[in-house]
């Protein structure tokens, strides 16, 4: 997709109509008695009607047939998709899946790795791994429970939505917000990660003393333009709903991607991680990793996130008299790490692209022994850090439970992960400061 076919801006009020039907948007109102071209007007609400303007999310869609034209939903097998956080006993140990998850997956393509909270209460998150090699043909999915933040690690995703099409490649992310129907075309084996958030939408983090510019700039978020197909599907089109953690399927005889025009601020969007404007220490010590936050889903407590999406991109390291890799840490937050490409700076061995780690709430973590010894003796000069690498973190204020699939069924858990810290030795000498 050419860049000129994409709209720019985070949370903007956008207007788009397919050029095949000029004037498809009603003039001066949302719901005229008769819409242009005989279309149906349908509102998609992403927030309560009475939310304050800064958080009020909705779009108006002008479509060939409304979404209500479908047969009843029936239960669909979920495979390894779950929100049952009590499948296995709690485990506070450091957890790593050092290599890519097994695949190809079932037709749903989703394997839940960890999470917390409950979709019916509209508070919580889930982390999924997706693995697939087959496109969704005459099938689409929408999530009634929350938003999907999708991080492809291998393979391109051509995502068709009710708002238009987006091509999302590794080193890009996209967000499909609650209720938006989408279908995915893949081009061979495709893998990645999904952060699902119940009850809150992603926002840009507040910048505070940083000022007006920096981190992920609003203009770099891209929104698809209107595109429609007026296509009958005699064999039946399957609409899949993720509802209260379960999957349901309904049949209809036409494509749901029949939106000729739309306007509003509630849309899918994508972002290229190379656009992130990195901020770092230029004197000594570390700034906290919150400076690498791309998107945040806020909780009701000020400054505390249900989930943050954080990246560790290529950058300069120049801090003097400083241990430059990530410091040893015990955190009141849960930290799920993933790797899109390259080598993570705190663990260059044993953590491969497509792998993952979970450092649970208050469980210690930090650089392995080799990293510590090397960084403690290194000559401190300006250096490029994480060149050719893109690691990321899903951080949450919730205490995440690992699923049975993550701990047992996947057969990918590294039970020797703790051994990477065993070679750490004491350097203490009370007679030498």
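Residue positions begin at 1 at the first shown residue.
Backbone N, Cα and C define each Cβ position, glycine as well.
What TrEMBL says about a protein is an automatic prediction, not a curated fact.
Residues or ranges marked as active site, proton acceptor in TrEMBL: 286. Per TrEMBL, Fe cation binding site is recorded for 329, 335, 365. Per TrEMBL, homogentisate binding site is recorded for 344, 365. The domain 'Homogentisate 1,2-dioxygenase N-terminal' annotation in TrEMBL covers 7-273. Residues or ranges marked as domain 'Homogentisate 1,2-dioxygenase C-terminal' by TrEMBL: 275-428. For 1-27, the entry in TrEMBL reads region 'Disordered'.
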(Q) For the region 'Disordered' (1-27), give me same-chain residues lying six or more residues beyond its boundaries with a C-beta closer than 8 angstroms to one of its C-beta atoms, as numbers and ranges. (A) 35-37, 39, 41, 62, 163-167, 203-204, 216, 218-228, 260-265, 267, 269
Q. If you count Cβ atoms within 10 Å of the Cβ of residue 335 (Fe cation binding site), leaving out that atom itself, what do you get?
A. 21
Q) Within 10 Å of the Cβ of residue 286 (active site, proton acceptor), how many other Cβ atoms can be counted across all chains shown? A) 15
Q. Given residue 286 (active site, proton acceptor) and residue 344 (homogentisate binding site), what distance in Å do their CA atoms have, once rounded to a whole number?
A. 17
Q. Among the binding-site residues 329, 365, which residue has the largest number of other Cβ atoms within 10 Å of its own Cβ?
A. 365
Q | Separation of alpha carbons, residue 344 (homogentisate binding site) and residue 365 (Fe cation binding site) (Å) | A | 14
Q: Taking only the Cα atoms, work out how far residue 344 (homogentisate binding site) lies from residue 335 (Fe cation binding site), in Å, as a whole number.
A: 15
Q.
Using the CB centroid of 329, 335, 365 as the Fe cation site centre, which other residues of the same chain sit with their CB within 8 A?
A. 326, 330, 331, 359, 363, 364, 366
Q. Under DSSP, the region 'Disordered' (1-27) has how many residues in helix, strand and coil?
A. 3 helix, 7 strand, 17 coil
Q: Measure from the Cβ of residue 344 (homogentisate binding site) and count the other Cβ atoms within 10 Å, all protein chains considered.
A: 25
